[in-house]
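Colleague: Dropping the structure in here first, questions after.
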Amino acid sequence: MIYEPIIKLAEETVNNSQSSSGRGLVAIGIGITMIGVIGTGVGQGYAAGKAAEAVGRNPEAEGKIRNMMIVGMAISESSAIYALIIAFLLLFLFK
């Protein structure tokens, strides 16, 4: 299971009496938060590939396809930006 190392690290951090500040848990939270960026990258790559295929099939519609692709990528990029903001908040507010 993919979550087993994360759970083990969290348990070690909580049980470790020398590190009661929880910095390990904050690091785990930052890592989990940034997993949200993976979907954005995959989605944008897929959209760019399909846009290239569409332009190859219909070169006259290149302007419309490009504009729709840019709008779609801007909307999907917002989730990556939110994940980055949350990761920075975790990093700097929970020291």
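Glycine is no exception: its Cβ is also placed from the backbone N, Cα and C atoms.
On a predicted model such as this, the values are computed, not experimentally measured, just so you know.
This is the feature table in TrEMBL:
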type	residues	note
DOMAIN	28-90	domain 'V-ATPase proteolipid subunit C-like'
SITE	Glu77	site 'Reversibly protonated during proton transport'
TRANSMEM	25-48	transmembrane segment
TRANSMEM	68-94	transmembrane segment
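For each listed feature, how buried is it and what is near it?
Modeller: Packing around Glu77 (site 'Reversibly protonated during proton transport') is summarised by its Cβ count: 15 other Cβ atoms lie within 10 angstroms of its Cβ, all protein chains included.
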Colleague: In the same chain, which residue numbers or ranges, 6 or more beyond the ends of the transmembrane segment (68-94), come under 8 angstroms Cβ to Cβ?
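Modeller: For the transmembrane segment (68-94), the nonlocal Cβ contacts are 22, 26, 29-30, 33-34, 36-37, 39-41, 43-44, 47-48, 51.
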